[in-house]
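**Student:** Pulled these from Swiss-Prot:
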type    : residues               : note
DOMAIN  : 1-63                   : domain 'TGS'
REGION  : 247-544                : region 'Catalytic'
BINDING : Cys344, His395, His521 : Zn(2+) binding site
Amino acid sequence: MSQISLTFPDGNARDYPAGVTAAEVAASIAPSLAKNAISASLDGQHIDLQWPIAASGRIAINTMKDSEPALELIRHDLAHIMARAVQELWPDVKVTIGPVRDQGWFYDFDRAEPFTPEDLGAIEQRMKQIIAARDPVRTEVWDRDRARAHYEAQGEPFKIELLDRIPEGEPIRMYWHGDWQDLCRGPHLQHTGQVPADAFKLTHVAGAYWLGDASRPMLQRIYGVAFRNRDDLKAHLTMLEEAAKRDHRKLGREMELFHFQEEAPGMVFWHPNGWSIYRELEAYMRRRLIRADYKEIKTPQVVDRILWEKSGHWEAYRENMFIVEVDEEGAKEKRINALKPMNCPCHVQVYNQGLKSYRDLPLRLAEFGSCHRYEPSGSMHGLMRVRGFVQDDAHIFCTEDQIEAECAGFIGLLSSVYKDLGFEKFDIKLSTRPDVRVGSDEIWDKAEAALKGAIEHLDLPYEVNPGDGAFYGPKLDFKLTDAIGREWQCGTFQCDFNLPQRLEAEYVGEDGAKHMPVMLHRAVLGSFERFIGILIENYSGKLPLWLAPRQVVVASIVSGADDYVHEVVAALRAAGLRAEADTRNEKINYKVREHSVGKVPVIMAVGLKEVEERSVSIRRLDRQGSESHGLESAIATLRAEATPPDLR
């Protein structure tokens, strides 16, 4: 039998017979490791302990102490355990797919009756019984005919369709959890008892089309969350409760910010209060871009398919594009256009107007670009996922030698913006070259080194995601952390060696010859809509004074103060503050309560005493009591507080 060499994390290597399993490798190191092992990582691929290893490579044995591999396995096994529990409780239910996702998993089921909260409780109880039984988990590789015959006998049409989608030559792997079996790539734990029974929870049910296709059957998707221990689960459920209180859709109604309706699914109807936040954020970003030497442009929203074909987007993204057919006068055929799903091809058109010199680079073109992408109706979620959105988009055209400086400048801008907006912490992930890519190894080496160099020069921590870059260049992803610990991927910095070539972007180099520029895609916020949703939830609607749509409400205590109320509002507006009057015939406590629900940061109560003294009684949101100030002093204080952070 041939031998293979396996290298361990400490650099030591051992020879094993080809076909050795990870379990046997663990046993060869120490009995305790074999006992605690749950999976292995082979050349970066997560495998289970039963898989035969055919070739030499780098191996690490994972235990429950290795949080990421452990959580992935726990959640993956729970998806199977849940599907088994459902079919044991309701044998007529058909199973489909059940992937791991952030904090948990989901599984889609075909069932005539809707799952109820009581059903979820019954499923959880059955899952705990399966875990307590410590049923063994095993795997086999089947041929296609055997697998098809099995699923035809079981009456599982969705599994047959999945089977047909597996490419010829790829192994068809079946996993058993006890007597229940599923088609799965793995990996999995060794027995159901390795799943912590007190650290998971089924959270909710939602509708989902089969394979995300609205023309296919509507299924029921059961979601679950899972962690390594009970305390982590409890902390997560507490966070979910807090997140529900902060839900931007609920706060959007209370604060009268925006709404959606069936006549324009996934498109935002901004109300005056919400549009105020949008415009304030846009003005802030525009000032930051001007200061960083970006040139703002505006490009068309409706563009002929010819450009999308040249850029490659027609082939890759056509299903997600809104197509517009136009009868041109005198033309034999309709002209086919598309609402732009992204801005980059149009930005290259602006760059291409006039021959550029190396002295013109870097050229930074920015646009608050309106884009449209078709998203399945089931995937839309308030402002967080919409069909029509505006990106704080910019593209930098530069030489290869300028990538690092441009990257460092962008990270500095992003860091400053996030801090101004209340996000002190963000993480960086560097995704490097995939196997299939465009561009020479030399330019990939240079670009990856430039991105690493920029991050390290700024002394920032980062993770490397090997092989996860786009086919056209390496990228950085930036995840900010909000007030309740959730991560949101917003910022991006992406090198592109492909689009400038496809759209024939050039510049004249110092040598007098024509060269292709590198195109850097970058965004700080991502989209205004989603980022405003994040801001609302981060602040629980209690936005900083400079962003608050209604900064001050001046409320009368008695009708005799109405004239003074309007005088105060006029003075506040003259000072640049967003102020409103409330002279309704209601008690002051009622007015304060109503405006507090609307998250107005400052409420000025005005009665006869304030009229006489030309003062105001100021109540701050979420603070007890009130303070009396002279009118001019109060206006000066609020004006300073309401100044945007970049202008202070």
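For all residues, glycine too, the Cβ spot is worked out from N, Cα and C.
Describe the structural surroundings of these features, if you would.
**Tutor:** Listed in sequence order, Asn343, Cys344, His347, Val348, Tyr351, Arg364, Leu365, Met519, Leu520, His521, Arg522 are the same-chain residues at least 6 apart in sequence whose CB falls under 8 Å from the CB of His395 (Zn(2+) binding site). Classification of His395 (Zn(2+) binding site) by DSSP places it within a strand.
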**Student:** Suppose the Zn(2+) site is Cys344, His395, His521. Which further residues of the same chain have a Cβ inside 8 angstroms of that site's Cβ centroid?
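**Tutor:** Apart from Cys344, His395, His521, the close residues are Met342, Asn343, His347, Asp393, Ala394, Gln494, Asp496, Leu499, Met519, Leu520, Arg522.
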**Student:** When DSSP states are grouped into helix, strand and coil, how many residues of the domain 'TGS' (1-63) land in each?
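**Tutor:** Secondary-structure breakdown of the domain 'TGS' (1-63): 14 helix, 30 strand, 19 coil.
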